[in-house]
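For reference, the structure discussed in these notes is given below.
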Amino acid sequence: MRQIKLIIEYDGTNYSGWQVQPNGITIQQLIEASLATMLGEPVKLHSSGRTDAGVHALGMVAAFKTGKLLPLRAFSDGLNALLPNDIAIRDAVEAPLSFNPRADAKSKHYRYTIYNAVRRSPLARLSSWHLRGALDIERMQAAASHFVGEHDFAAFRASNCAAKTTVRRLFSVSVAKDGESVIIDVHGSGFLKNMVRIIAGTLAEVGQGKKNPDAVPGLLVSGDRAASGITAPPQGLCLVEVFY
């Protein structure tokens, strides 16, 4: 028996998220089906986490066990031949049988992209949130600094979040301008449901002048979801990398 670790890139536009569910096609479902076709046996993928419908990934990590003695290249090449063109296996490596993609993850890097221009971009529409009014980047950067460290992020989670604790540690939160895009990079030890999207929505409201940068500490202390920013739409979010 061996365990194969996959690094997966996907465009989440056409899927009901990562995790297998009764209604809707998911990325996990398609990869498991492709593996079953390749190996002639049912396969269960275990992942580093999950992404919601419409969210993308450059570096989702998942692993599965198999007794097949195929070369590693055969797993990536074989899957890429079977999967649709909006899902790709970037790499396949052998991992210890004890490897747990979720429990062993030390941190994750997410990126949220805002397309900040008067006119919408057809090419950017599936990978960014279009906001017309000019955003104040310096105000957003000032607000972003308050998220760094260990905090209770109860005010920055979805109402249906089932996490046992809402305390999380963020190592860095940055905001940068790249042409007509505003890039928000968030690196942390763990995340609550919709946490990055609510942080992005809050920073956008700061950039629009709707919130003060110094309001963030109070929002964190309050634990009040209604007081924080809107949940930014899913298409702007991408899981960039999982660190072990």
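Easy rule for this one: first residue shown is 1, then count along the chain.
Using the three backbone atoms N, Cα and C, a Cβ is placed for every residue, glycine included.
Owing to the predicted nature of the structure, the values given are computational and were not obtained by experimental measurement.
If you look up Swiss-Prot, you'll see D52 marked as active site, nucleophile. Annotation comment: Swiss-Prot describes Y110 as substrate binding site.
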Recorded positions listed as D52, Y110, least Cβ neighbours within 10 Å: D52
Separation of alpha carbons, Y110 (substrate binding site) and D52 (active site, nucleophile) (Å): 13
